[in-house]
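Just passing along the structure, written as structure tokens.
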């Protein structure tokens with residue numbers, strides 16, 4: 001029915017055709033709508049009859065009128081009959097086409113309103129309040145007027161009654177440019193409600209327009225979407241507001257707790273000060289009592305001495321008045337002895353008296369405590385500690401890290417973190433990261449590669465089980481209740497694996513000495529027992545180290561001590577003991593035979609040209625990467641590098657035909673070799 005209704009709807013008024021005219025272009029138009037089009041083309045005070053043409057609103061075909069005007073056009077009787085039958089077939093009531101159109105127009109306005117609605121049919125003054133609004137009549141009625149105008153008979157039984165709404169809601173919006181026309185379409189170009197005349201003859205005729213229902217659905221969907229987002233945002237804001245309010249409450253509670261804690265701590269300090277005041281005051285009082293008691297005794301002694309002296313002085317003066325020599329001599333000797341004794345006793349008494357006792361032993365100096373009290377403040381995270389690389393020590397598998405802290409008294413514990421150094425990039429990354437230690441991609445894969453030693457109480461720690469000849473990054477975190485801060489990273493490295501020469505492997509014509517660090521040619525050496533590991537054979541004057549290396553990076557040096565015929569290298573355990581090193585696939589060697597220098601492996605020699613007076617050879621073994629490199633240890637000049645997929649543990653091996661060689665092992669890898677291995 002709705003599809004048929006749309007075919008029977010006038011393109012101007014959007015209602016069912018009323019007295020339709022059949023245009024020459026085969027389209028139809030309501031007579032009144034056609035008349036309004038002519039009126040819109042008239043100038044001021046110009047009669048409608050003067051207009052003799054207009055455009056079809058559907059196809060834009062120009063319709064030329066005769067002298068009779070619109071009356072000269074034929075009536076579309078067939079269309080009118082179809083409309084009449086359609087109206088009869090449609091039950092008049094809420095489901096009728098006209099009512100359906102009105103309902104769609106009123107749906108947005110049927111919400112309850114606080115505006116008071118008066119009866120529009122009342123003769124009373126003032127009018128009574130309306131109880132119903134008839135959508136069909138577009139009028140609001142009071143109870144009496146409703147009964148009078150809408151008896152329970154046809155056709156009034158088909159009228160739709162709703163709760164009273166204002167008249168403006170019933171009649172809908174009117175066009176701003178054509179006051180007698182309702183808006184019935186939407187100009188998309190100007191984003192404005194318009195009427196049919198605006199589209200036909202107004203400034204919107206070339207604009208894109210849309211049906212109100214279409215625009216209504218689109219804008220409603222958009223509004224619903226925006227409303228959903230707004231509601232969601234409001235929900236988030238309400239959640240945030242609740243959290244903020246909760247945070248405010250927590251701030252109040254925590255601040256009150258901290259204030260109470262501050263009062264408690266200050267009361268404890270005051271109590272401690274009062275206790276110390278009482279203790280020190282008691283000591284001062286006790287010292288005063290002791291000193292006064294001693295002084296009182298000294299006063300009594302002085303008085304007693306004075307009394308005896310006064311009596312003695314009186315007797316002496318009386319004796320001096322005696323003129324009889326015999327009597328004077330009889331008493332003078334005794335008095336003289338007593339005077340001498342009294343003088344001596346007073347001399348002994350005087351040094352005991354201290355007239356300048358100022359209680360120096362009870363001197364008070366609270367300057368340090370005053371400074372501490374002046375610095376009283378809430379606890380903060382300790383300052384970052386500093387790693388003292390100059391104090392750190394290392395062996396081939398341990399590193400002892402030392403650090404200092406400015407806030408040593410506020411630090412509860414330290415946390416040591418370390419990992420293998422893989423490049424400068426992960427140092428920068430660690431330094432920029434406050435507490436989380438993660439290396440750059442491809443350098444330090446994850447936080448799992450960092451080892452953590454927690455709860456350290458001292459300012460030093462020894463890490464065991466490290467790889468030899470390897471550089472590590474260390475950082476120290478100082479921790480207390482307020483937080484933690486990490487030190488700048490420090491780079492420390494373990495030494496190479498130390499080893500010595502194995503005398504059991506030395507050729508019979510070689511002597512190992514100097515704590516198994518030197519090997520020399522010795523034709524007069526004593527007989528040595530045969531052993532499977534001993535070098536033998538004509539000219540195979542070799543000796544092996546006492547270690548087999550199967551991982552890591554290691555560096556050692558060989559002092560040639562004036563020898564001009566020797567070989568320095570490495571060999572598998574399976575390498576033949578009767579061949580020169582480098583003559584087989586199981587050994588690699590740098591060789592010198594007087595003025596001829598070469599490197600040798602699997603019987604193949606490659607000449608090299610080192611400095612004429614090479615006195616110290618450096619050997620760098622990187623087992624995991626399969627490289628054996630030789631250097632001039634004094635000038636750091638690279639001589640040669642073997643690249644091999646090492647499949648077995650290798651042993652340092654040495655051959656000497658004249659003079660001696662001395663090894664220096666357990667060295668850290670030099671810095672210029674530690675970053676990148678030199679290539680030939």
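One-based numbering along the chain as shown.
Just so it is clear, glycine is given a Cβ too, placed from its N, Cα and C backbone atoms.
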Would you mind telling me which of 205-264, 265-324, 325-384, 385-444 Swiss-Prot tags as coiled coil?
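That would be 205-264, per the coiled coil entry in Swiss-Prot.
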Swiss-Prot has 175, 178, 204 down as binding Zn(2+) 3; which of 145, 198 does it also list for that site?
198
Out of 172-212, 541-581, let me know the one Swiss-Prot marks zinc finger.
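When 172-212, 541-581 are checked in Swiss-Prot, zinc finger belongs to 172-212.
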Would you mind telling me which of 96-115, 116-135, 456-475, 516-535 Swiss-Prot tags as region 'Disordered'?
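When 96-115, 116-135, 456-475, 516-535 are checked in Swiss-Prot, region 'Disordered' belongs to 516-535.
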Quick one: sort out which of 484-503, 584-603, 604-623 is the region 'Disordered' according to Swiss-Prot.
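Region 'Disordered', as annotated by Swiss-Prot, spans 484-503.
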With DSSP assignments reduced to helix, strand and coil, which class does residue 524 (phosphoserine) get?
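Looking at the DSSP assignment, residue 524 (phosphoserine) belongs to neither helix nor strand, so coil.
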Hey, how far is residue 204 (Zn(2+) 3 binding site) from residue 524 (phosphoserine), Cα to Cα, in Å?
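Their Cα atoms are separated by 124 Å.
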Near the zinc finger (172-212), which residues from the same chain, at least 6 beyond its ends, have a CB less than 8 A from one of its CBs?
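For the zinc finger (172-212), the sequence-distant neighbours (Cβ-Cβ under 8 Å, at least 6 residues beyond its ends) are 11-14, 33, 36-37, 40-41, 55, 57, 105.
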Could you pull out which residues elsewhere in the chain have a CB under 8 Å from any CB of the region 'Disordered' (484-503), counting only those six or more residues past its ends?
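Long-range Cβ neighbours of the region 'Disordered' (484-503): 381-387, 389, 392, 394-399, 401, 403, 415, 417, 421, 427, 430-431, 434-435, 437, 466-478, 512, 515-519, 533, 543-547, 549, 552-556, 652, 654, 663, 665-669, 674.
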So which one is it: of the binding-site residues 175, 198, which has the fewest other Cβ atoms within 10 Å?
175
Going by DSSP, give the three-state secondary structure for residue 175 (Zn(2+) 3 binding site).
coil
If one looks at the chain holding residue 178 (Zn(2+) 3 binding site), which residues at least 6 apart in sequence have a CB under 8 angstroms from its CB?
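Residue 178 (Zn(2+) 3 binding site) has long-range Cβ partners 40, 195, 197, 198, 202.
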In the predicted model, what is the mean pLDDT computed over the zinc finger (172-212)?
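Here the predicted model's pLDDT, averaged over the zinc finger (172-212), is 82.
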